[in-house]
Amino acid sequence: MDDAASRPKKRAGRGVRLELIQTVTQVCGRVERVKPSSWGQAASVYLDRRVLAILFLGFSEGLPLALTGSTLSIWLREGGISKTAIGLFALVTMPYALKFVWAPLIDRLRLPVMTRLFGRRRGWALVAQAGLMAALIGLGSTNPVTDLWWTAMLAVVVAFFSASQDIVVDAYRVEVLEEHQQAAGAAILVLGYRFGMLAAGAGALYLAEFFGWHVAYYVMAGLVAVGMVTILLNREPKVVDTAESKAREQHVADWLAARPHLTGWKADLLAWIYGAVVAPFVEFMTRPAWAAVLLFIACYKLGDVLAGVMSAPFYVDLGFEKTEIANVTKLFGLWATIIGGLIGGVLVGRIGVLRGLLVGGLMQMLSNLGYVMLAQVGHDVSALAVTVALENVCGGIATAAFVAYLSSLCNTAYTATQYALLSSFYKLGGDLFGASSGWLAERMDWSSFFLLSTGGAVPGLLVLLWLMTRPRRDEAVVKV
């Protein structure tokens, strides 16, 4: 009798293990399952209205980044701000790393008027974009030479509204696209993102050269309208809750309702908090190797971030003019990034996400050696073009694979919160590592600094190689 009674439990235990194995296989390669049967089908996905909308939303996401990053660094350097202070300005983007804190509110909280008029995702997107526009106007009104603290504070406000926009737009992208469109969505997001960075990079530099920094930031604030119009012209995605997530939340709600001291609004509030805040993290942390996945996300682009934070001051110190930086790093660099993003999209679709991450990560690491070459050559526009081409093509490949990977990790019941958590880990690692870049650059020559940044890519690649072995061990149990 005992053996007979234990058999269902054992089968149930095997079922749980099987479900966990299926989950980790999803985590490490869900996008790999969907591969186009022909190159024509692979290309046709880019003509879908929903995929095209991601291009413009990617522009909206990419626009604020340079305005609190490389463009702002040039403004600060021109004003005589020290390299150490510029390096510390990497901390103004900390809201990107901490956005998982308020992502549950955006995921579940209904805005009284905006949600009713536009829906949950679109309503929040419009509010975040309006705040971003106002914050950019405020940042452009400061003077870093005399009001450095005000500049820093308003840069943080810009980053906060930009991070809030990212929470909504990333959730919208994952939810509105079909699974077979996710790789294309990741690639075209990178493309739009780079167009946004072009506008905030080369566009802002040209405007600053002829009209001053204040006008440049005011115009950039106006370009936020691109994202707002895109949101207004597209529909709200359907809300998808998995049966597992519903069952888990209902179980907690029933348990709370059964407690005599937790009746009425108290039980409802705690159930809402669990569904909005706790459940997304619990669901993710029930997956095998979840800690290793987070470690990989935090480490994958460390070398790229370390080099990127100081690239603009590096160009200025080599004697490049703003127009040279704009022409080469922004305009020419855009096309290199487009090529890299398209290659990355093809790699994700043809060889899978994990292999695409490995190829992109290796290329991204080696591309940092181009900065070492440029440091030896000095002020040479041709050498700058070669360096930028290498960095942007390789970075585009790695980023396209990375975005597709993050998208594949999300449970559609908790899209905004989980994507915010994952991207926050990426930003947290980059911000903490990037904040030390100025201190390091002050204490070594540029060649040594960029050699160090090349080595910064190694930890992430080692974790990736370990993760790549897990699906192989699980394939004997589950075929995907």
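Any Cβ shown, glycine's included, is placed from N, Cα and C.
Sequence annotations record features per position, and here TrEMBL assigns domain 'Major facilitator superfamily (MFS) profile' to 50-472. Look at TrEMBL and you will find 51-75, 81-102, 123-142, 148-172, 184-208, 214-233, 289-312, 332-349, 356-377, 383-407, 419-440, 446-467 tagged as transmembrane segment.
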Intrachain neighbours beyond the transmembrane segment (184-208), with Cβ under 8 angstroms and 6 or more residues off its ends: 42, 45-46, 51-52, 54-67, 70-71, 74-75, 173, 177, 215-217, 219-220, 223, 322-323, 325-327, 329-331, 334, 337-338, 341-342, 344-345, 348-349, 396, 399-401, 403-404, 407
Whether the transmembrane segment (446-467) meets the transmembrane segment (214-233): three or more C-beta pairs under 8 angstroms: no
Seg_contact(the transmembrane segment (123-142), the transmembrane segment (419-440)) with at least 3 CB pairs under 8 angstroms, min sep 6: no
Contact check, the transmembrane segment (148-172) vs the transmembrane segment (419-440), 3+ Cβ pairs under 8 Å, seq sep 6+: yes
Maximum Cβ pairs under 8 Å to the transmembrane segment (356-377) - stretch from the list 51-75, 289-312, 332-349, 383-407, 419-440: 383-407
Residues from the same chain, set at least six apart from the ends of the transmembrane segment (383-407), whose C-beta lies under 8 A from its own: 31, 173-174, 182-183, 185-187, 189-190, 194, 297, 300-301, 304, 307, 315, 320, 324, 328-329, 332-334, 336-345, 347-348, 353-354, 356-357, 359-361, 363-364, 366-368, 370-371, 373-374, 377, 419, 422-423, 426
Distal contacts, the transmembrane segment (332-349) - CB-CB under 8 A, six or more residues away: 31, 35-36, 42, 183-184, 186-188, 190-191, 194-195, 198, 202, 355-356, 359-360, 385, 388-389, 391-401, 404
